[in-house]
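Database features (TrEMBL):
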type: ACT_SITE; residues: ASP374; note: active site, 4-aspartylphosphate intermediate
type: BINDING; residues: ASP374, LYS375, THR376, GLU472, PHE513, LYS536, ARG570, THR650, GLY651, ASP652, ARG762, LYS768, ASN791, ASP792; note: ATP binding site
type: COILED; residues: 591-618; note: coiled coil
type: COMPBIAS; residues: 1137-1146; note: compositional bias 'Polar residues'
type: DOMAIN; residues: 814-1068; note: domain 'P-type ATPase C-terminal'
type: REGION; residues: 1137-1157; note: region 'Disordered'
type: TRANSMEM; residues: 58-76; note: transmembrane segment
type: TRANSMEM; residues: 258-281; note: transmembrane segment
type: TRANSMEM; residues: 301-326; note: transmembrane segment
type: TRANSMEM; residues: 845-866; note: transmembrane segment
type: TRANSMEM; residues: 878-898; note: transmembrane segment
type: TRANSMEM; residues: 927-947; note: transmembrane segment
type: TRANSMEM; residues: 967-985; note: transmembrane segment
type: TRANSMEM; residues: 997-1021; note: transmembrane segment
type: TRANSMEM; residues: 1041-1062; note: transmembrane segment
Amino acid sequence: NDRSFNLSHGYANNAIRTSKYSIFTFLPLNLFEQFRRLANAYFLFLLILQLIPQISSLSWFTTAVPLVFVLSISAVKDANDDINRHKCDRQVNNRKVDVLMDGQLKNEKWMNVQVGDIVKLENNEFVTADLLLLSSSEPLNLVYVETAELDGETNLKVKQALTATGELEDNIEALAAFNGEVRCEPPNNRLDKFKGTLTMNDDIYALDNDKMLLRGCTLRNTEWCFGLVIFGGPDTKLMQNSGKSVFKRTSIDHLMNILVLCIFGFLGFMCAIMAILNAFWEASEGSLFTVFLPREAGIDAHLSSFLTFWSYVIILNTVVPISLYVSMEVIRLGNSFFINWDRKMYYPKNDTPAQARTTTLSEELGQIKYIFSDKTGTLTQNIMTFNKCSINGKAYGEQLCLRKQMITLVDFSWNNLADPKFSFHDHSLVEMVRSGNPETQEFFRLLSLCHTVMPEEKKEGELNYQAQSPDEGALVTAARNFGFVFRSRTPETITVIEMGKQVIYKLLAVLDFNNVRKRMSVIVRGPEGKLTLYCKGADTIILERLDPSCNKLMKLTTNHLNEYAGDGLRTLALAYKDLDESYMKDWTQRHHEASIAMEEREEKLDELYEEIEKDMMLLGATAVEDKLQDGVPQTIEQLAKADIKIWVLTGDKQETAENIGYSCNMLREEMKDVFFVSANTAEGVKEELLKMCPEAAEEPSVTTSRGGLFWVEKMETVQDEKVDGEYGLIINGHSLAFALEKNLRLELLRTACMCQTVICCRVTPLQKAQVVQLVKKYKQAVTLAIGDGANDVSMIKAAHIGVGISGQEGMQAVLSSDFSFAQFRYLQRLLLVHGRWSYIRMCKFLGYFFYKNFTFTLMHFWYAFFCGFSAQTVYDEWFITFYNTIYTALPVLGLSLFEQDVNDRWSLQHPQLYTPGQKNQYFNKKAFVRCVMHSCYSSLILFFIPWASMHDTVRDDGKDIADYQSFALLAQTCLLIVVFAQLFLDTYYWTAINQLFVWASIAVYFAITFTMYSSGMFLIFTSAFPFTGTARNSLNQPNVWLTIFLSSLLCVLPVVAFRFILIQLRPTINDEVRAKARKEALPAPAPRRTLKKRITRRSGYAFSHSQGYGALVMSQKFLLKGHMRRLALFDHRDSPMVQNQPQHYRTITEESESQSP
């Protein structure tokens, strides 16, 4: 607590800065960022060229106005975003906290807090920085924090101070005199780990994550606490984790980069032709004009040709209009709003709408080929019900009798503390418990003791449990109803009401769960002094640690586990072990030494855990049901019809995942075969992968191509191999680790892609991401990952599209996702409706946009042959300026925002409509070439028909009409009418807004034309508006309107004829469904079908748990003095957790009743 000493070390202060700009740096930095985009830099280059009089035949404003407009829109958006970031930064930095300075508490801003300061936090306050907890108002120096801002979890976490610092309590003098030294790891982003030591009074104390309060947490149900600042500001774990998200770009974006590059090449080619022809023209014809139009000094034919090249770069630049990029962003933003506003993707139970968290990926949703899905909480509800159990070799919990009638519910009225929402159907289990059967009572005693659940008791007898995972809560609730009520806990004791009698167990150690151990244990001392270890975990782990005397019981229990797994239930095995007093004393000492070790602390603890968890006695097994979400099988069936392949990547055991696969309709009995890959060697994995197609080539067929912006990126694609029939593939995590190695991954991909369904079980989060990246790299297909938990974040970030489900496992997946909603079934609407529409809209937009701009630009090319290749424009300059920004901007946006080939009902009725997007059929390089050829034809018609009709033509009064200004007006009017006619042909779905945009744009064109060509404008701005009277004199001639009609007819008729013939000879699935939609009424919404339950017997073991916080619920050294009050953990009634109650254990019966009308 020596501020001057700590400041000398140069630690980061507590101020944070997430903003990018300041007032002085905004303009230069923002412009620098914007001009890093190739398109913006290109248009700036054009603007500079236009400022050179020798080469510019266009006024500078034709490029400057659109460029400034686009830059301004982007700058305003960036400024608004940064202002919001500044506001958030100021709001956070100016929060107040009590800091102990000069022996007294002073109210300071967060930004002024320094490393080494001691701060005081009060209930419901945010944690200021990463703090070492010193003391608190709660018994045993516990504090309760809500970590929603860190990991999205609303359930409270428990932290506990060291005994030595807890004795300081709230004594300001003692705290001010506190003198210690903390040595710890450097700042990092690991939220769940912290290693350090505190040296105080020559004693060294181990520090871990359980004694840290991290910035971003909120103090709950704790009157006050004191903490020592360890990390501040940018060094805190919250800020270390706030790295930049992965920038995702759509396949359309990548294609656009290539096309724009090709267009630049095409532009350069046209300009070179014009320059060469200008040189020839100047040599042969140009000299004749020098008598009355002399050249400027120093300019000869060769220099004139060079200047002409750059002049035509300016003239023909509209092949890549600047408004293209702005329009694309507006379209994507609009499609994102449609997803947000879709009431059919709103989940009223949780008040959760669908949300497009990223606005730049909407059309990618229409091109998905592979979906990678988590199982628990994504396909299933992650709401657990205790269904069955096996105790001492006897199975309990059958719900249906032979006549398929529900057996009456068990009456728990004899238990005053029973949960009224809990239901069970096997009366014999209650009878066994109440009769005093020792094995049955020991079974439920284990469930009431071996866990890290926190109890909440607002009123006497009204218990609520706050569990780390829903299945752990379900098990403790089951024990509660069967007479073993977990009532309260302290760091040293667990209080259980056993068959109406209060029993207090002394908690000696918690051997916590992690993903390697796959089990957790507690060591307790009973009232009689008996030492017992209780353990629960995955059966494969528990069964191999049993005493040999349990072999017969193990066989019976294994059979029951097989049955439970066949029903898709999640299972755990339970065991116990009586411990010797002398051994326990020695083990405790070694455990303490390992727990304070600075090196290899976790490895040493794991060795001790392995040592004590041996020769255990088997009690039985539990079976918990994780129900499927509504509509999951139907959704998967629909997506399969759309030729989307679904891979399930889950941490569950193979057999449970397999049975969920059958429940979800991913695996079907009619499949030709389902292959299992479970070998433990690389050779074994390869052999099992080759089993599926023995006659296939030894090496997968890989084609190599070039891609990317300059074709420098090497792309390898594993070719699909045809197979006879449908297959499934199930591979476990051990085998997957070998299969993902360099020499086997292509074999894995070939085999997996031959299967209709792939299930990877027991996989780690890293393996999930590796599988996604493998498919991305070697299939060149668009991927989507969907999940609901923190273990899905890496997969969600790795895929092209990440979808988060806001479920029971917090909000980590949602926070990292591009799109989010509450139920898996909404995925079919997101893809088959919104995704497909977005893709169609973007493709139509690009095709139409390139058509109208190439047609517009190529007319300059044809005009060059009549103006001596002098880079004169065929249109009025104001028409060039307004063409893309005013005249055609809104109609094309109307097409791109509201277009539908068929409505949502027909889209869902015919999932096959989705397949053209996967093959990128609507807009690709071929479609672009066709668009250019169409533009060439239209530009020829639009130039030469007006030219021929006005050549040697006179007005009704005999005066000459064939002047440049009249021709320019006629050509641009013909062009505008034709591009609008093409828009009419391209639009399938007309709305009032579309109609308004088109007719209003036509009206605006004529209004602006007559205004700018008026005598009044000419008199005010003579040089800017030279076309005085042209509109009035030309558009009153019948032959002008006849020319407009003939030009439009010749442009439109071939398109209509070609499309008619194509529909007759080669109709697409879209044509067929549209024809059907015109003849038939709207299809009714698809009824929900109940799928047949599959009866199978397979061994299935699942242990769903995250890293536990067992060490936080006990303390071995602290002796509480004075009266111990029961911990009221959840006094804070405004807590989101209290209101939402996320850990909710509902039975099947209750759910069916709640859904019935």
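From the backbone N, Cα and C atoms, a Cβ is placed for every residue, glycine too.
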Winner by Cβ contact number (other Cβ atoms within 10 Å) across the binding-site residues ARG570, ARG762: ARG570
Overall pLDDT for the coiled coil (591-618), taken as the rounded mean: 86
Cβ contacts the transmembrane segment (258-281)/the transmembrane segment (58-76), at least three under 8 Å, sequence gap 6 or more: no
Whole-number Å value for how far ASP374 (active site, 4-aspartylphosphate intermediate) lies from GLY651 (ATP binding site) (Cα to Cα): 8
Any contact, the transmembrane segment (878-898) to the transmembrane segment (845-866), with at least 3 Cβ pairs under 8 A: yes
Region pair the transmembrane segment (845-866) / the transmembrane segment (1041-1062), three or more CB pairs under 8 Å: no
Residue from PHE513, ARG570, ARG762 whose C-alpha is spatially nearest that of ASP374 (active site, 4-aspartylphosphate intermediate), among the binding-site residues: ARG762
Maximum Cβ pairs under 8 Å to the transmembrane segment (927-947) - stretch from the list 301-326, 967-985, 1041-1062: 1041-1062
Distant-in-sequence neighbours of the transmembrane segment (967-985), which means Cβ under 8 A and at least six residues beyond its ends: 848, 851-852, 855-856, 859, 873-876, 879, 887-888, 891-892, 895, 938, 942-943, 945-947, 950, 998, 1001-1002, 1005, 1009, 1013, 1027, 1030-1031, 1034-1035, 1040, 1043-1044, 1047-1048, 1051-1052, 1055-1056, 1059
Neighbour count (Cβ, 10 Å) for GLY651 (ATP binding site): 24
